[in-house]
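Enquirer: The feature transmembrane segment is assigned by TrEMBL to C:6-24, C:31-51, C:57-77, C:89-105, C:111-136, C:148-166, C:172-193. The domain 'Glycine transporter' annotation in TrEMBL covers C:6-79, C:91-163.
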């Protein structure tokens, strides 16, 4: 229980910092920085809840609001030190997308949606905070352009449903799916992988 | 019944291809292309369902997901051939907006909204997938800038409610409204019509 | 009752005109101008209603639709005269954000949300029409970049909950909170205040 809360908070922190960095890069004012941090941290969950017609989680549980608030202030004040914890941040982010993928998948199952939609909900939960963050900052969302990020979530979500067909206990299903998101993401970064390009050389020139 | 399903699928295909083309134009990666295709195809219906607080259709009926998936793969592989079927695509798109306009209007009526709101829902259903597609690709939505597109939907939606006042059978009301969207759209393209400009020459310079 | 309706309409007019001006600045066509005016006027309330899972107000009460329609036509026709009423417009806008802040806060309270979320709902109600307007016009939202605008709403929303702890009558609580939004906004414009910058000189260069 406590471990789950810790993971949730670490993910929220990593996502909020990604928002702070993007907002400061665009030279937004303090209110703008705060909003982009919020959107990055809770946008994916908000879209998930609206799509499945459930109450929006951060409106009922203020933990997220406090965490984003505190993270934003600390990130702005210590922004020059953020490079020192770059690795930890990357790890938090990886833990975060793995966690939110599973949460999205399980909320989809609980609401009675078919597996394909649950995988989509997991991916939306993990990735669309970043999409809305980028849109508000007038950028084409980075996950549509490069890096294996959403793909890791899709792999993990698919693993979940494949493992459900096996006699594995549900706890193991969760842990293995969670870890598979992390492994795909970490391998992609380590080997600097992207999705194969669909463009011919001629088209790119 | 089968005719309605066919029209729905043709519209979905046309909208998905519009997304693929836009995404490839922006050099997005395969995941980005897929998401933009989805958003173009199902974004309008999603916004409609959220506004009327109904379950989101593509989350319950996987047909749309399969059609968009298959269309995206085929469109990417055969992208050089897409120019050969440009005319068919344009026709599918025109059939699509006519169909989705009527669907939106009828969902609005079923949910008890006044005619003006039902016409807005029909227009949103037909046009806002394209709006979200353009926003995600960092463009001002094309339907706000040129071409008579949304206007055709508004005309068709208005025709629906005018015809409801006549002794015409409801089937005829649907067919005539449907055809009127298509006619306005086809005439606009054939004669290269736009909405009259509200800007004076001086303002445009 | 009638005063409240008047304030609501003045706010809607001011917001719709902000949309018309932005859309004409981007040289949108008449349909685009109308949609941006609508979004600026009713976008904040729509997001508020979707977040609290309530029916969307403008879909049930056509007053807003008529007001935006009329305002848009008049604003386009008399656009050269708009500079003459710039001051009135600014006042309407200030009245508008004060009003929508209180409306958002009270809807949040009625739906049982905690104070912090109610203040957020008030701010969203007052400010996010402008955010969606800017996004659709491919700009980073102005309230994230400069001016004290959202901050006035946050101050007013906070005042509301602080005053609720006092023995003041609820009518006074509303009026004082309303006025405090206006005062913060008017002072900010009069003294040309912005939020303090979080960037060092070096970062800005």
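Residue positions begin at 1 at the first shown residue.
Cβ atoms are placed via backbone N, Cα and C, with glycine included.
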Enquirer: Are the transmembrane segment (C:31-51) and the transmembrane segment (C:111-136) close enough that 3 or more Cβ pairs fall under 8 Å, when only pairs 6 or more apart in sequence count?
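Expert: Yes, since the transmembrane segment (C:111-136) and the transmembrane segment (C:31-51) share at least 3 Cβ pairs closer than 8 Å, they count as touching.
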Enquirer: What counts of helix, strand and coil residues does DSSP assign across the domain 'Glycine transporter' (C:91-163)?
Expert: 59 helix, 0 strand, 14 coil
Enquirer: Tally of helix, strand and coil residues over the domain 'Glycine transporter' (C:6-79) according to DSSP?
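Expert: Tallied per class, the domain 'Glycine transporter' (C:6-79) gives 62 helix, 0 strand, 12 coil.
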